[in-house]
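**Q** There's a structure below that I have some questions on.
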Amino acid sequence: MEDTLAQCEQDEDVYSCSHDEDAGAICQNPDLSPVPESVRLVHGPGPCKGRVEVQYEGQWSTVCKTGWDLRAAKVVCRQLGCGRALQTQSHCNKAAQGQGPIWEREMFCSGREAALQDCPSGPWEKHNCTHDEDAWVECEDAFDLRLVGRDNQCSGRLEVLHKGVWGSVCDDGWGEKEDRVVCKQLGCGEPLSLPFKARKTYGPGVGRIWLDDVRCSGQEQSLEQCKHRFWGYHDCTHKEDVAVICSGQYPGLDA
């Protein structure tokens, strides 16, 4: 991460090298190392599932399976505001195959990048890819959430929308980091730390319990980017429904 070699640590007591051990480096010319400007998933059942296409200099290209993996898929899902990456396939079915140019650069993502253009990439290469090998990615859908149980929409029992049905979230492992993401997503300021009893005044929910064992770092922009069990899998009752209390007023409401 250093800007100059002089900033790196060095062992000044080592002098046992010969010129057979001279160091060398090969750098990519930034002018010859284009990165994708944008990404999209197309020909799927929604914006979070489909064939991967990247845009460069105004032109969209499909992506070859070479160098494409689940780590790159995680980045795409995050960049598009979708949920977790569920799967990545090395090829599309005939009906979903693309036409036109194929992106010829291999992506080396760690899976933690905010956008595909942040991933290191290899140089331009000649390839033998055809549209039979177009990459396909499926992410969890982005989901809406709300806080219910009071007139103030910045505090209440947490509910998330999945498949058109609102359901609650179990409090197993839930903490301040998860509160922070919810308040951020709703534009409701910072989370307030209140006693357990105060949180239970919003009452238990009814119907589905959609999420359990939610784990956030606190840096996520929305709850779907946090880790959690598969939808509907839990070992909870509605006595364990999560409630969140944020500091701010919901946009559009009077203080």
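Each residue, glycine too, has its Cβ placed from N, Cα and C.
Pasting the feature list from TrEMBL:
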DOMAIN    39-140  domain 'SRCR'
DISULFID  Cys109-Cys119  disulfide bond
DOMAIN    145-247  domain 'SRCR'
DISULFID  Cys216-Cys226  disulfide bond
**Q** How big is the gap, in Å, between the Cα of Cys109 (disulfide bond) and that of Cys226 (disulfide bond), rounded to a whole number?
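**A** Given the Cα positions, Cys109 (disulfide bond) is 19 Å from Cys226 (disulfide bond).
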**Q** Is it possible to get the count of other C-beta atoms within 10 angstroms of the C-beta of Cys119 (disulfide bond)?
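**A** Other Cβ atoms within 10 Å of Cys119 (disulfide bond): 20.
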**Q** For Cys216 (disulfide bond), which residues in the same chain are close in space, meaning a Cβ under 8 Å from its Cβ, but six or more apart along the sequence?
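**A** Lys177, Glu178, Arg180, Val181, Leu223, Gln225, Cys226, Lys227 - these are the non-local Cβ neighbours of Cys216 (disulfide bond), listed in sequence order.
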**Q** What is the number of residues in the domain 'SRCR' (39-140) that are helix, strand and coil, as DSSP sees it?
**A** 19 helix, 36 strand, 47 coil
**Q** For the domain 'SRCR' (145-247), what does DSSP give as the number of helix, strand and coil residues?
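**A** Secondary-structure breakdown of the domain 'SRCR' (145-247): 24 helix, 29 strand, 50 coil.
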